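**Q** Features from TrEMBL:
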- 1-170: domain 'Glutamine amidotransferase type-2' (DOMAIN)
- Asp76: L-glutamine binding site (BINDING)
- Leu235, Ile267, Ser342, Gly343: ATP binding site (BINDING)
- Glu344: site 'Important for beta-aspartyl-AMP intermediate formation' (SITE)
Amino acid sequence: MRIAHRGPDAFRFENVDGFTNCCFGFHRLAVVDQLYGMQPLRIKKFPFLWLVYNGEIYNHLTLKKQFDFEPQTAVDGEVLLHLYDRFGIRKMAALLDGVFAFILLDTERNKVFVGRDTYGVRPLFKLSTDDGFLALCSEAKGLTEITHAMPSPASIEPVLPGHFEEFDLKQNGKVCSVRMEAFHCCTDEPEHAVCDSLETLPSGFDEETVKSNIRTLFENAVRKRLMAQRRIGCLLSGGLDSSLVAATLVKLAKEEKLSYKIQTFSIGSEDSPDILAARKVAAHIGSEHHEVNFSAEAGIQAVEEVIFHLETYDITTVRASVGMYLVSKYIREKSDSVVIFSGEGADELTQGYLYFHKAPSPRASAEESIRLMKELYLFDVLRADRTTAAHGLELRVPFLDHRLTAYFLSLPDDMKVPKHGVEKHLLRDSFRDLELIPDQILWRRKEAFSDGVMSVKKSWYVCLQEHLEAMVNDDQMEKASQTFPHNPPRSKEAFYFRQVFEQRFPGRSQWLPHYWLPRWTQSSDPSARTLAFYSPEKEEQ
C-alpha cells in the first residue's frame, strides 16, 4: 500500500494456489485495454503462468502478428506469456520493444523470473534474505518495512536494467537464485529490430545519411509511444530535448488524428529562461500550453516529500526533481493528461552536458556517454519515473528508444562531440531548416532543469542553499564523514538531503553508489552554472 500512488485506478491482492506465502499485489493505472488490464495477468491458454508487470510493450501487435499468437485480451503485456511459452525467458525479454519491469511465475516448472528494460525506465527493487525469502516492488519503500525471520538484515537493491534473474520456487514459498543474465546492452542493436515496422535504414556514415537516419528513428520513437487510451501530454522546459519531443508529438498527433490538442506543461518563475523559451516553443508548435508558477518557497517546502518519493539523496537529482514533482502535481490536479512525454536521456545519449566540451578525446567522450546511459536508472530516469508516478502519471521517454540509442552510440566518435563550441551539435544539425522548433531554441545552450526554473540573476539551487545554511551547523559539517562514511556530504545542502533520506530509509545509503558529478573539471557542485564555460545567453530582443 506504500506505492498506491503509482496505480490510482484499481487495486488487487491475490494468493497463488498450492504455494505457501506466495502472493501478488497490484495497483493499476489504466492506459491500455481498460477492460482486461487487471493483474496478475493470467489467460486460459497458460493457466500455470502468472504475470505482473509495469510498462508498455510498443511492439506487442507486431509480435502477435509475426508469430501468429492468438491473444485473449488487448493487453500489451499478454505477449510476454506467449513469447515465454514459445522461446523461453531470455528471448522473451530481448524481443520486447518498450519499457518494463516484470515478475513472471511459472507454477508448472516452479520458477520465478524477474526482469527490467534496458535503461531501467520502469523501476523494480528486490528484497532477499540468506534463507531464500524474496519480495519485489516497484519502489524500495514497499520493502523496507517487511519483517522476516533471519537475524541478518535483508538486502534491498534495484534489479539491474537490461537483465533478468531466474529463481527456483519451493513449495514453502522460498526461492533459490539459479541465474542472472543480461539480455540487452545499450550499444547493441536490439533483437526486436528484426520485427520492426520500420524499414532497414540506409548504411554509411556520410553526414546527410546519418542525420536523415536520426530523424527517422526519432520520429519512429515518438510515433510508437502514442499507444494509449488516456490523454497524452508533454513536459516542455524550452530546452532542445523537450522541445524536439513536444514538436514531433504535436506533428504526429495531427497525422494520427488524435481527437484532442496536445497539452504542454512548463514550470518556472515569471522571468525564468525556461518559462520564456517554453512559451516561444508552444506558440510555434500550437500546443495547449500550461505554465506552473514556481517559487523558491514552494520548492523548499516540497524537498522532504520529494526525497521520500525518489529514495535517493543525490544532489543533482533532488534539485532537478523538485520542479518536475510540482509540475506533475499540477498535471494530476488541473488537467486530464495522464501519459506524459519527456526529454530524458538525450543529454546522456548525445553528449549534451557542458562538461563534454572539456573531454580529452572523442573516444573518452563516447565512453563517458555509454557510462551515463548505463547509470541513467540511478539518476535522470529515476527522477523522471518517481516524480511523475508520485502523482499517478505515466512517463514516455522517446530518446531512450532502443533502436535510436543503439544507432546513435554506434556512430563514429568524432561525429558526436561538441562542434563550434556547441554541445549536441549532430542532433541539432539533424533538425536544421525544418522549422520544427524555432531556430533560437534549436541552438539554445544547455540549462540544467534545476537552474532554468529561476531567473538568471539567482538560481533555484542558490535559494535552496541559502535556506539550508541555517538548517545544518558547522559542527555537523565537520563530522560529516564520520556520520556518513559512505558518500560523505561536502556541503550543507548535501548534508540536509542525506539527513532527510536517513530519517526515511535508515541504513540504506548504498542505494546510491556515488554522486552525479561532471567529469574533467574541478567542480564539486553538479550545477552547469558553476562550470567555467557557462554563460547566460544575452537577452534577445
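From the backbone N, Cα and C atoms, a Cβ is placed for every residue, glycine too.
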**Q** Pop the Cα-Cα gap between Asp76 (L-glutamine binding site) and Ser342 (ATP binding site) into the table, whole Å please.
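**A** One finds 22 Å between the Cα atoms of these residues.
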**Q** Hey, what's the Cβ neighbour count for Glu344 (site 'Important for beta-aspartyl-AMP intermediate formation') at 10 Å?
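**A** Glu344 (site 'Important for beta-aspartyl-AMP intermediate formation'): 28 neighbouring Cβ atoms within 10 Å.
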**Q** How big is the Cα-to-Cα gap, in Å, between Ile267 (ATP binding site) and Glu344 (site 'Important for beta-aspartyl-AMP intermediate formation')?
**A** 16
**Q** Just how spread out is the ATP site if you go by the largest Cα to Cα distance in Å among Leu235, Ile267, Ser342, Gly343?
**A** 15
**Q** Can you tell me how far the Cα of Leu235 (ATP binding site) sits from the Cα of Glu344 (site 'Important for beta-aspartyl-AMP intermediate formation'), in Å?
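**A** About 10 Å separate the Cα atoms of these two residues.
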**Q** Could you give the Cα-Cα distance between Gly343 (ATP binding site) and the residue listed as 'L-glutamine binding site', in whole Å?
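**A** A Cα-Cα distance of 24 Å.
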**Q** Provide, as an integer number of angstrom, the distance between the C-alpha atoms of Asp76 (L-glutamine binding site) and Glu344 (site 'Important for beta-aspartyl-AMP intermediate formation').
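**A** Answer for this pair: 24 Å between alpha carbons.
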